[in-house]
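S.K.: Below are the features listed in TrEMBL for this protein:
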TRANSMEM  21-41  transmembrane segment
TRANSMEM  89-109  transmembrane segment
TRANSMEM  189-206  transmembrane segment
TRANSMEM  213-230  transmembrane segment
TRANSMEM  236-258  transmembrane segment
TRANSMEM  270-289  transmembrane segment
Amino acid sequence: MFAGLLTAISPWSLFVSRIAVEANLGAFLFALGIYFFYIWLDKPDKKWLVWTIIFWGFSLYSYNSARILVPFFLVILLYFVWKKKSQKQLLVPGIILLIFLTPLIFQLLNKSGSARFNSVSLVDQGVVNQIIEKRNSAKLPDNIARLIYNKPSYFVYKAAGNYLLNLSPKYLFFYGGSHYQFSLPNHELLYLVTAPFLVLGLLKVLFSRTNSLRVLCLWFFLSFIPSAVTKDAPHVLRTILILPSPMIISAIGLKTLSDFLKDRSRFKGNFLYGIFIMAILFSFCRWWNDYWKIYSNAYSWAWQYGYKETVNFIKTNYDKYDKIIITKRYGEPHEFLLFYLKYDPKKYQNDSNRKWDYHANWYWVDGFDKFEFVNDWEVVGGVKCEVGSEKCLLISSPGNYPEAMPVGRQGWSKIKTVNYLDGTPSFEILEK
């Protein structure tokens, strides 16, 4: 019951559950697989293994973190299958797993299929250049320098550091992540009042001989790996598959302490529950108040606010312009255009004006239809509009555009400003 309460109102689970991201589906499917695995541990029937593999298999196609975490749990599953001498139960689940893995392998071998992972990988060309520089500057024999400075050693060192960052009390109980789309800035992911119970619960499951608690312990500690092996750690969303294990472990810690107190005084054990519930509700009310009253206004920029208003302006004035130039300052503008314009996907895919290129391990769309997308630093001095032969619309970041010209002279004229919810400028719209 307490685990359910914590899952429902903890900042980590509550915040990410309110946004439409594929990671939520991945967390649900993965946790459902864990649930059926737990049933199998208690009642080793083949059908529970089948359901486990089915839901873990689907999770592989929902969010990239599952592609890192599921293989670890398949090894854990195999360990318990061998321990219970249930190898004969593996045939059907194995076939199902193969069905899930076959298309995934082909996808990952394709450049487009691995583009996202390559873009967030710890080892990129910049890191390779640093490694070479350190080898050259090291006052060591060449073989020793290569042994110390190489991609595997860098990866292990960086991943270990990232892993510890994910376990930082400052991150978990005080300030949360730095990606403001996934957590309330400068607020906890787990309520501070749960910290002692989480530690106590971890000690309980860490030294438990019960299979289900051992799996729970592994679930908690392994779930930080997807964040550890990628950039920008600690990352709230990349560790979403951990949910709801911290809440379950905290509830175990609470029950452990309550049972200990009840052995001495039933009143003290029940009193602990009462104090805990009041503290949790107080923490929740404080967090919820900041979420509703502060977050949406102060951090609308984190959600690329302004695109909808900008696209509505484009929709109304589309026929007036021959070319529409948009900055890439706030992410991939073509995605917002296609969505808010309700652009026909088939028309987009067959558009002869669609331009894209592949660099920096990513596919970049540079234009389609009459739209042209430019880097923010290329707007000033890089935007071209043939005077007299075409009428252009420029949508840029605040103050970042060719100098506006007085009315009556040929040049860019600002016609509209789109603001964030806090009143600061998001986009400035000019025409020529």
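The backbone N, Cα and C atoms fix where each Cβ goes, and this holds for glycine too.
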S.K.: Which range out of 89-109, 189-206, 213-230, 236-258 gives the transmembrane segment (21-41) the most CB pairs under 8 Å?
M.R.: 236-258
S.K.: Could you tell me whether the transmembrane segment (89-109) and the transmembrane segment (236-258) are in contact, taking contact to mean 3+ Cβ pairs under 8 Å with a sequence separation of 6 or more?
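M.R.: No, the transmembrane segment (236-258) does not contact the transmembrane segment (89-109).
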S.K.: Please indicate, using numbers and ranges, the residues of the same chain that are 6 or more beyond the transmembrane segment (89-109) and have a C-beta under 8 Å from a C-beta there.
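M.R.: Cβ under 8 Å, 6 or more out: 44, 46, 49-50, 52-54, 57-58, 60-61, 67, 74, 78, 81.
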